[in-house]
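Here's the structure, in structure tokens; my notes come after.
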Amino acid sequence: MKNQNKFDPVFPLSSEQLNNLKELERTCTNIQSAWLSGYFWKIANQTSNITSFQTNESEKNDPVITIISASQTGNAKLLSKRLYEYFNKNNKISRLIDAMDYKFKKIKDEKILILIISTQGEGEPPEEALSFYKFIMSKNAPNLNNLYYSVFGLGDTSYNLFCQAGKDFDKRFKELGGNSLLDRFDADIEYEDNYNKWSQDLLQSINSKEKIYKSSVSYIDQENTLILSKNHYTKKNPAEGIILTNQKITGRNSKKDVHHIEIDISNLNIKYSPGDALGVWYKNDSNLVKNILELLSINISETITIKNDVITIFDALQNHFELTNNTKNIIKSYANFSKNKFLKDIISNDSDLENYTINTPLIKMIHDHPLKLSSQQLIGLLRPLTPRLYSISSSQEEIDNEIHITVGVVKKLISGHVYLGGASGYLSQSLKSDDIIKIFIQTNDNFRLPINKNTPIIMISSGTGIAPFRAFMQQRDNDNADGKNWLFFGNPNFTEDFLYQVEWQKYIKKGLITNMNLAWSQDQKNKIYVQDRIRENSQEIWSWIEEGAQIYVCGNASKMAKDVEKALLDIISHNAHLNLEESQEFLNNLRLNKRYKRDVY
């Protein structure tokens, strides 16, 4: 009988392959080992994502235009796809790629690069562009003297660091010697007209400089090129779902108000995957609209024209304009209309204006300082209403013709009055069974379950960040996946805030969830958060990482996600004996190989 190698159960390799692997391991540093681990895991899990390019002889000397989409909520991706199609119609060879999949170390070989990028959090790049951002800002970034580029930034002027990610990339490209095709454009939430002009000017600039870069053609790297998906329903053309269930799932004594909402899509051709988000068009509360109009002495029946449609001012405020979030620009304009000394003093001091913006909803400002405005003056103050995105908390394989979302109601208690968020207030308070809701799917290919169903996963969440992991477990259960599953979840109280408790207990009983660690911050004197539970399980988490586990984080970007990342860096540093810089490189390698994925907001 042949003697069995003791490694056979673990390594499906020949003796020669195993010896070569052991020799390679002997010569590798910790960083190199981490990179190889991620590299081979990516090879095992990747599928073809190639767009076929066909060029005729006359096109072979044309420069390739690389369009990079760096999106947080889908707007940058949408505009990138439009630019790709626009270039194709104008006989330009282009490729479209997500920032997450871009091989940024090859940027030195690019001739023309267009970056369309949003900004999240405190002036940070979107999640899928973090690795690209860190590389281009590092000392390892190459000389870009041969690069022609343009940056289109997407943001919101109500935030201090407006379009900061785009500004950072633009500045760095210039520092590295890049040649700007067109001045960077920083677009506010109403970007349509600006984008149209920018894309036309960009094409003209590319054509005018064609002789300069046509002699040297950049290589079209087909691997990871983004395949354009066709979805019948979009932000501009939403579907109409039907509310099946709208149920509060936090306890009566909870400080949080969280709703589980189920939507019927049986008559719609909608497909989605775990990790995707649901876009929701909401309506402003009718009482809020009436109060604003009354305080400003505007008749609710007055009509205005919006995009060639004549509608009442009431309809306009309820369906087309943002009424819950105040902004610095609104406050400044309102102060100038009112001539109110208090407001004038507020806008003359940056710190006071910042605090007033945060703590004073639009309706409170109008209530405290009413004046008479015309309908057109009011509309000129306001920002357009935009849809809100919610992580989908269901798997279509499991529940078929439904979509579930988990909505945390935004509440502010100011001067004894509770102010609700526009979208969350609408979803939780206004919608009942059989009501119509306008929706669309926002795909998120950067937050997907592993293709290999044997891959272990670690899910880290707090609050409503648990939503996509409910979808993940439904999918894993439906697939009979053998991969281990570890859930970390944090919220204030066990009895009041354990979202979907019965379902998690069912999965534990079935053996689908291997480990579950819970953090209840207010159930004991010393507050315990999810990052504390992570540190408590340092050695086992490291063991899972060595086994090829993929790590998912969903929750608050400014606090929870940052604290979790610090905890993960501590685990890497301790178990791999790396310093902080090496640990950051290790974690970045996990991100690059799609083993560390975040959906934060």
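For all residues, glycine too, the Cβ spot is worked out from N, Cα and C.
Note that the coordinates shown come from a computational prediction; the quantities given were computed from them, not determined experimentally.
In Swiss-Prot, the NADP(+) site is described by Ser521, Gln522, Lys527, Ile528, Tyr529, Val530, Gln531, and among Asp482, Asp563 the residue recorded at this site is Asp563.
Binding site for FAD per Swiss-Prot: Ile358, Arg388, Leu389, Tyr390, Ser391, Thr406, Val407, Gly408, Gly421, Gly422, Ala423, Ser424, Tyr601, plus Thr324 from the candidate set Thr305, Thr312, Thr324, Thr455. Comparing the Cα of Asp563 (NADP(+) binding site) with the Cα of every entry in Ser71, Gly74, Gly422, these being the binding-site residues, the smallest distance points to Ser71. Taking H, G and I as helix, E and B as strand and the rest as coil, DSSP gives the domain 'Flavodoxin-like' (65-203) the counts 59 helix, 32 strand, 48 coil. Each of the binding-site residues Ile528, Val530 was scored by the number of other CB atoms within 10 Å of its CB, and the largest score is that of Val530. In sequence order, Lys77, Leu78, Ser80, Asp98, Ile116, Ile117, Ser118, Pro126, Glu128 are the residues near Ser71 (FMN binding site), counting only same-chain partners six or more apart with C-beta under 8 A. Within the set of binding-site residues Asp156, Phe162, Ile528, Tyr529, Gln531, the entry lying nearest in space to Gly422 (FAD binding site) is Asp156 (CA atoms). Note on proximity: of the binding-site residues Phe162, Gly408, Ser424, the one nearest Ile528 (NADP(+) binding site) is Gly408, by Cα distance.
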